[in-house]
Amino acid sequence: MSMKALTLALAATTALAGAAVAQDQIRIGVSIPAATHGWAGGLNWHAQEAEKRLEAAHDNIEITLVTADSPGDQASDIEDLISVQQIHALVVLPFESDPLVEPVRQAKESGAFITVVDRGLPDASIQDVYVAGNNTELGSVSAEYFKTRLGDGDNIVILRGIPTVIDTERFDAFMAGIEGSGINVLDDEFANWNRDDGFEVMQDFLSRFPDIDGVWAQDDDIAMGVVEAVRQAGREDEMFIVGGAGMKDVIKGIMDGDTLIPVDVLYPPAMIATAMDVTVANFTSNGPVQGEYILGAPLVTQENAAQFYFPDSPF
Amino acid sequence: MSVSVPDTASKPHKGFRLDLKTAGPLLALILLIILGYSLNPLFLGEGNVTNLLTRSAFIGIIAVGATFVITAGGIDLSVGSMAAFIAGMMIIIMNAAVDSMGASIWTVLLGIGCSLILGIGAGFINGFLTTKGKIEAFIVTLGTMGIYRSLITYFADGGTLSLNRGAREIYRPVYYDSFIGLPYPVWVFIIVALLGWVLMNRTAFGRYCMAIGSNEQVARYSAIKVDRVRTLTYILQGLCVSLATIIYVPRLGSASSATGVLWELEAIAAVIIGGTMLKGGYGRIGGTVIGALILTAIGNILNLTDIISNYLNGAVQGVIIVAAVYLQRGSFRTGRRAKKAE
């Protein structure tokens with residue numbers, strides 16, 4: 001805690017000094033969750049890359065990136081960005097939607113331009129720009145692919161994420177997508193967007209069901225665990241696995257023609273960079289930027305995989 | 001001080017009632033197996049039993065170490081983060097070794113050696129800060145828990161560290177291959193448990209742990225080197241974490257900030273379900289092994305059935321854990337012990 005106070009104090013002095021030197025600097029605060037799992041790791045990496053790129057491209061743009069470990073932590077971060085950094089714009093990927101409404105509203109009332117990323121706030125009037133991936137589309141695009149590979153009487157299992165709105169949207173859209181196709185869902189279990197859980201849940205599915213034709217893991221971390229379980233059982237030739245997100249190892253495998261994970265559905269952590277670009281454009285471009293930007297969830301296949309491959313990203 | 005004397009005096013009597021304490025966790029495990037089998041006969045299929053035993057090895061090995069720490073009146077919250085950190089370091093070191101001299105059996109042995117050194121070192125730090133630094137074990141290990149967790153996140157750049165493919169192929173059999181029908185991790189678990197049992201029940205060290213846990217002052221006056229024994233329990237814990245990591249890494253060949261999350265609580269739960277006292281003074285290695293099996297079996301049974309809503313998995317786990325401990329400390333037993341303590 002005292003460390004935090006110290007950094008705050010330091011940040012305060014630098015901010016005051018900065019403000020005194022250049023009045024026309026545009027200060028943008030970016031508040032995102034800390035890198036606690038693979039996808040968030042990618043998010044942090046892309047945010048840092050975008051920060052470097054935007055600050056190099058524009059002399060008058062100053063970006064402050066803060067990461068939070070919990071919704072409460074993030075609320076304090078945002079308060080600090082408003083009072084200490086006196087930001088002109090806030091780019092926020094809320095840890096959870098509801099607890100962060102008031103902190104973001106305060107930022108809005110202080111006159112800042114608000115960009116909300118990925119997890120929408122229940123009160124949409126607060127935001128100027130909304131950038132998000134499309135969980136519903138992720139589910140339906142996956143379902144479309146399953147329908148091209150499987151038909152009446154084929155069996156699949158589903159590994160879900162953590163019980164949240166994101167997971168429910170994906171799951172419901174997938175189930176609606178395969179409805180009427182005759183594809184039979186043997187069971188679904190939560191694997192918590194985690195490789196170890198993916199491995200164990202899949203091991204149990206494999207001992208329980210002798211006939212599985214496809215696995216929808218809806219996340220690449222889970223899919224990596226599933227792959228190991230399927231290899232252990234020696235049943236690679238019986239089924240295929242579809243994850244989601246766009247992890248570099250998976251994309252690389254698809255480029256190389258892997259048959260076990262033949263495709264991926266994109267839910268890119270790089271969306272934070274899109275959000276930062278749009279926010280900067282609000283101050284530098286003459287075009288209007290307000291509105292909602294819903295990124296597609298395209299199917300990544302061997303043909304188009306190269307354009308989604310970031311070998312330097314940690315995710 | 002004088003109040004505690006009758007407590008130690010009553011210790012020998014407890015020895016005669018061991019069978020009751022042993023029966024509790026075992027009974028819970030048997031009930032759980034019957035439940036699992038009735039929900040889905042595949043539960044006792046050969047493949048599933050092997051999976052279950054292999055899976056329980058990680059938590060089980062760590063819990064054997066935790067039994068010593070807890071028996072001596074300490075606690076170690078850092079084991080999950082420590083496992084993630086050691087796994088990450090092993091992968092970094094092995095990848096560097098592959099870059100400089102190619103993948104061979106020596107790469108893997110180097111990784112294993114580093115893991116043992118790191119485990120022992122990390123355990124020593126916990127023990128040293130607790131005994132010489134005179135900081136409560138809860139605070140020390142809460143601190144190191146955060147430190148190791150951040151370090152793995154930092155070294156993995158927030159993402160995942162993956163073992164080089166060549167080294168992976170050499171290392172993979174350590175998790176996936178078997179010896180006389182049992183996978184290697186299960187053998188490691190069995191050996192660790194046997195050694196742990198001997199150490200706890202047949203050596204002076206084990207008796208010192210129990211003595212320190214039940215009354216530190218009396219132990220000190222009895223010329224037991226309290227600080228040294230305590231530190232040794234943390235080193236033992238570190239060693240167990242390192243052994244668990246050695247068999248964990250070949251499973252997925254990767255480590256990330258999500259590795260080993262909440263393992264500390266699972267290990268502590270396995271120890272307590274097994275009949276060891278959280279306040280120290282009494283430790284049971286056999287019970288710990290059963291505790292680890294119970295915890296793993298619950299998750300496995302829930303995956304093998306779909307009659308319970310997925311959203312309630314945590315609740316089922318909670319009920320079974322509490323019920324398992326109740327079986328071993330049923331009201332008739334606590335009643336009698338409370339009277340004796342008065």
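Placement of Cβ uses the backbone N, Cα and C atoms for every residue, glycine included.
Listed features, source TrEMBL:
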| type | residues | note |
| --- | --- | --- |
| TRANSMEM | B:20-40 | transmembrane segment |
| TRANSMEM | B:52-70 | transmembrane segment |
| TRANSMEM | B:104-125 | transmembrane segment |
| TRANSMEM | B:137-156 | transmembrane segment |
| TRANSMEM | B:182-200 | transmembrane segment |
| TRANSMEM | B:231-249 | transmembrane segment |
| TRANSMEM | B:261-278 | transmembrane segment |
| TRANSMEM | B:285-302 | transmembrane segment |
| TRANSMEM | B:308-327 | transmembrane segment |
Any chance you could find the range in B:20-40, B:52-70, B:308-327 with the most Cβ pairs under 8 Å to the transmembrane segment (B:261-278)?
B:52-70
Contact between the transmembrane segment (B:231-249) and the transmembrane segment (B:137-156) (3 or more Cβ pairs under 8 Å, separation 6+):
no
Paired segments the transmembrane segment (B:285-302) and the transmembrane segment (B:52-70) in contact, 3+ CB pairs under 8 A:
yes
Using a Cβ cut-off of under 8 Å, list the residues of the same chain at least 6 residues beyond the transmembrane segment (B:137-156) that approach it.
69, 74-78, 80-82, 84-85, 87-89, 92, 122, 125-126, 129-130, 255-257, 259, 264
Is the transmembrane segment (B:182-200) packed against any residues at least 6 beyond its ends, judged by a Cβ distance under 8 Å, and which are they?
50, 53-54, 56-58, 60-61, 64-65, 67-68, 71, 173-176, 206, 209, 240, 243, 246-247, 283-286, 288-289
Non-local residues, at least 6 beyond the ends, that sit with Cβ under 8 Å of the transmembrane segment (B:20-40):
273-275, 284, 286-287, 290-291, 293-294, 297-298, 300-301, 304-305, 307, 320, 323-324, 327-330, 333
